[in-house]
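Lifted from Swiss-Prot, the feature list:
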type	residues	note
ACT_SITE	S63	active site, phosphoserine intermediate
BINDING	D13, S63, D437, H438	Mn(2+) 2 binding site
BINDING	H124, R153, D154, R183, R189, R254, A255, D256, R257, K330	substrate binding site
BINDING	D396, H400, H456	Mn(2+) 1 binding site
Amino acid sequence: MTAPKPVVLCILDGWGLRAEREANAVALADTPTFDRLMATCPNATLVTHGPDVGLPRGQMGNSEVGHTNIGAGRVVAMDLGAIDLAIEEGSFPQNPALRDFIAKVKANGGTAHLMGVVSDGGVHGHIQHLISAVEVLAGEGIPVVIHAITDGRDVAPTSAGEFVGQLVRVLPEVARVGTVIGRYWAMDRDKRWDRVKRASDAMLHATGEHAPDAEAAVAAALARGETDEFIAPTVVGDYAGARDGDGFFCLNFRADRAREILAGLGQPGFDSYDTGTRPDWSAFLGMVDYSKEHDRFMTAAYPKPVIRNTLGEWVASHGLRQFRIAETEKYPHVTFFLNGGREAPETGEDRYMANSPKVATYDLQPEMSAPDVSDHLVEAIGAGYDLIVVNYANPDMVGHTGDLKAAMAAVEEVDRGLGRAVEAVTTAGGAMIVTADHGNCETMVDPETGGPHTAHTTNPVPVILVNGPAGARLHAGRLADLAPTLLQLMQLPQPEEMTGRSLIDA
């Protein structure tokens, strides 16, 4: 029996399953294709959180974690757990890169600038990592300025006051908050440089809104109608900007939303916007490595481990062709993260990125660029590729807005694209796995507060086999089982590094 061609992995980003219909965009939306597949095709569920994806118990998954595990075909220990462990066991203060940072800042008589997410969301950063770093640096007698990035997306939309209060209560005498900035400005990943400039101008030059203290900055933003994600860059007290000899330490452990702001703050030759005169930093440190380009001007406390024989690498090594497609918001996930943290395409790997719409928030255009993704996906299905990986961003990105009606519209647009993909795969004689990397839009109201729910969930996600082998059934599993499943459909052996198990029971 010949292998189906192409084999398609269709990732419905943020499409989780929840029995209750209330505030459940997936259940309330009109999804004839998804409903038909669930009724007629082999299906099961996958776990996308906690130890099953290399995270601490109870920690929700996210797109970086999800796509890394999917591409690796094994559970990959993620940075959050590794950093938590280093802090818990006491090795963090002795981290060699951190010791080097301390030595350089001390030698120059500088101040340490720490930028980090002030929440316990654990997707891009964690308040406890920030507090621990402050303690270490202050313990060395180094003055510390914190650039507090408020969240409101991976935690409740108006929880920043609580987190900022938690932070300032434990600050040693030599540490202070210099700026308070919503992640909308400081953590863009779509080249919206006007936003990034406002964030970096506040950190570098102390320009923006002003408040007497950090808690007042949050309160003033709320009074202006800004929830935590959107807090306008605010300078706190008499903070006057960064100076020559200072050091900069980024506490974010996820790359995609740290790259732009770090480039603006420290990349030599940066010209995407006018940064003004930047300081001559004595040291520039990241919690992790963010890209090859960033490695040229900064060091990493916890470099990423090398993941060998990912799905893409293994398929390429067998001389087969593959195609990756997503819109801008999720393009790094189906390329960089799926390939184990490598930017360059594999041999025989083609890519297409649809430009995400330039709107302030995606509830304003819930279809996003899904029609363009669908057009190019259908074209690719008929183009002779062996493996295609596609990500539909809408359920996650619109889910993050907390707008139920918009999330339903997003789900319906993706279902239309899914219908086109199923038809094209069937015509081509291919097979498809439909799944998600984590949940989100199936829970649009916070059950505890009754307000909008904007974060990911720990709900199971679907996995559906379309046009699989006759009599095949699926069993429940985790994201690391997807690559072995795809390889089985492609009739390729599984590399020994992949410890996941195929979900197909023939």
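In case you wondered, yes, glycine gets a Cβ from its N, Cα and C as well.
Location within the structure of each feature annotated in Swiss-Prot.
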| residue | record | Cβ neighbours (10 Å) |
| --- | --- | --- |
| D13 | Mn(2+) 2 binding site | 27 |
| S63 | active site, phosphoserine intermediate | 27 |
| H124 | substrate binding site | 25 |
| A255 | substrate binding site | 23 |
| R257 | substrate binding site | 22 |
| D396 | Mn(2+) 1 binding site | 29 |
| H400 | Mn(2+) 1 binding site | 25 |
| D437 | Mn(2+) 2 binding site | 33 |
| H438 | Mn(2+) 2 binding site | 26 |
| H456 | Mn(2+) 1 binding site | 30 |
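Cα to Cα, D154 (substrate binding site) and H456 (Mn(2+) 1 binding site) are separated by 7 Å. A distance of 6 Å separates the Cα atom of D437 (Mn(2+) 2 binding site) from that of the residue listed as 'active site, phosphoserine intermediate'. Using a 10 Å Cα-Cα cut-off from H456 (Mn(2+) 1 binding site), the binding-site residues that qualify among H124, A255, H438 are H438. Listed in chain order, the residues near the Mn(2+) 2 site other than D13, S63, D437, H438 are I11, G14, T48, G61, N62, G66, H67, K330, H333, N391, D396, A436, N440, H456, each with its Cβ within 8 Å of the site Cβ centroid. Classification of H456 (Mn(2+) 1 binding site) by DSSP places it in coil, neither helical nor stranded. The binding-site residues near S63 (active site, phosphoserine intermediate), taking a 10 angstroms Cα-Cα threshold over the set D13, H124, R189, A255, H438, are D13, H438. The 10 Å shell around the Cβ of D154 (substrate binding site) contains 21 further Cβ atoms across the protein chains shown. Counting only same-chain residues six or more apart in sequence, the Cβ atoms lying under 8 angstroms from the Cβ of R189 (substrate binding site) belong to D256, R257, R259, E260, E329, P332.
The closest partner of H438 (Mn(2+) 2 binding site) among the binding-site residues, by CA position, is D396; the full candidate set was H124, A255, D396, H400. A255 (substrate binding site) sits 18 Å from D13 (Mn(2+) 2 binding site), taking the Cα positions as reference. D396 (Mn(2+) 1 binding site) and H124 (substrate binding site) have their C-alpha atoms 16 Å apart, to the nearest angstrom. Under DSSP, the residue listed as 'active site, phosphoserine intermediate' is assigned to a helix (H, G or I) in the three-state scheme. Between H124 (substrate binding site) and H400 (Mn(2+) 1 binding site), the C-alpha separation comes to 15 Å.
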